[in-house]
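Swiss-Prot lists Gly147, Gly148, Ala149, Gly150, Val151, Gly152, Lys153, Thr154 with the feature ATP binding site, giving sequence analysis as the kind of evidence.
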Amino acid sequence: MATGKIVQIIGAVIDVEFPQDAVPKVYDALKVETGLTLEVQQQLGGGVVRCIALGTSDGLKRGLKVENTNKAIEVPVGTKTLGRIMNVLGEPIDEAGPIGEEERWTIHRAAPSYEEQANSTELLETGIKVIDLIAPFAKGGKVGLFGGAGVGKTVNMMELIRNIAIEHSGYSVFAGVGERTREGNDFYHEMKDSNVLDKVSLVYGQMNEPPGNRLRVALTGLTMAEKFRDEGRDVLFFVDNIYRYTLAGTEVSALLGRMPSAVGYQPTLAEEMGVLQERITSTKTGSITSVQAVYVPADDLTDPSPATTFAHLDSTVVLSRNIASLGIYPAIDPLDSTSRQLDPLVVGQEHYDVARGVQKTLQRYKELKDIIAILGMDELSEDDKLVVARARKIERFLSQPFHVAEVFNSVPGKFVPLKETIRGFKGILAGEYDHIPEQAFYMAGSIDEVVERANKM
């Protein structure tokens, strides 16, 4: 093993000098004598390599010895990782002893070839009305939850995990990328209480960790998911939050000497996103269904980071601050959310017609809002008054109590089957429930519950 020494330290970026005939390759893992792991990013010439620290660089000094491991970072994979919490290097952080893995895989892998890839049109039922109706998920597809700060990305993701992981008997991998430690803790206990912890591998690189950890932790989680997929399983891969992955790249990019591009992001933004997203795919042996939370800075969907993510997804679920301010949760915007699966050939004609009917009614209501604000409801035609009444019922019926939010509001969560969702909205559009007051539709599960409520009013 070649040995070098540290010659420069700037934050998370460290330069190491090696003998000219033993310069490490890009992505090789280096070990500092203090125990810190570095990953080679650039070769600067003269035997010097520039690395990112996968851990804090506090206490390092020039002249410390560094050993080249001659291989990239490797992490444990396989069933031994289930029920465990690990860091970016695959080391356990749950104080439950060693992982005891039988195999380790490198975190840098090629995406499956074009011939190996497979696509599926099988739907994945989530039990969340607005998602199943407007932006249905495909098994083996990629889903993005877009939203600004505090509109409910993590709660939506936890509900999806709870519903899908309980209904779906396969394995899941959760990568916490630059999120709050508190959320990681909540998530762990949620999984434990739902008795699905033994089917989930948890990998965390939290907000308080150096950018190197946050940049690589998504790849660590993905590698574990790929192993399950290559064994012929259908695996769920959850990432919270993709934006922090981009941000970690931005933090180290300037230190690596790259010129910033639009809005100060790294010039390699699209490539870094592509490297991660192209690996999250389904093959002929197994599938990876991924759900990714995407933070939207300042609620601006045209920001380069969320805009780059959009291109890779099959379904986009957009959370809206306006809907959250009305007290309607989940605060999903039915006019902004899209899915490639919403096609009569995939979901069937009835589902397609109901979904488009709901969007058409809500869009008409949106257009009428200006007239209502200036002239009032009385100036509308009878037809328009009916559209407004139905749209307001639809808006409220799109809300639903979540199981994971039960601890906060004491309202029992509801899982609504897709058939019930379609039946309910079809009835509202057909005018079957015009006699029911709109407040009966708020935070209800199925349409039968609404009718029952209305009878008690």
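Quick reminder: no glycine exception, Cβ is built from N, Cα and C everywhere.
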Restricting to the chain of Gly150 (ATP binding site) and a gap of 6 or more, list residues whose Cβ falls under 8 Å of its Cβ, or answer none.
Ala324
For the binding-site residues Ala149, Val151, Thr154, which Cβ has the most other Cβ atoms within 10 Å, all shown protein chains included?
Val151
Setting Gly147, Gly148, Ala149, Gly150, Val151, Gly152, Lys153, Thr154 aside, what same-chain residues sit with their Cβ within 8 Å of the center of the Cβ atoms that define the ATP site, listed in sequence order?
Tyr295, Leu319, Ala324
Can you count the other CB atoms that lie within 10 A of the CB of Lys153 (ATP binding site)?
27
Per-residue Cβ crowding (10 Å cut-off), top of binding-site residues Gly147, Gly148, Gly152
Gly147
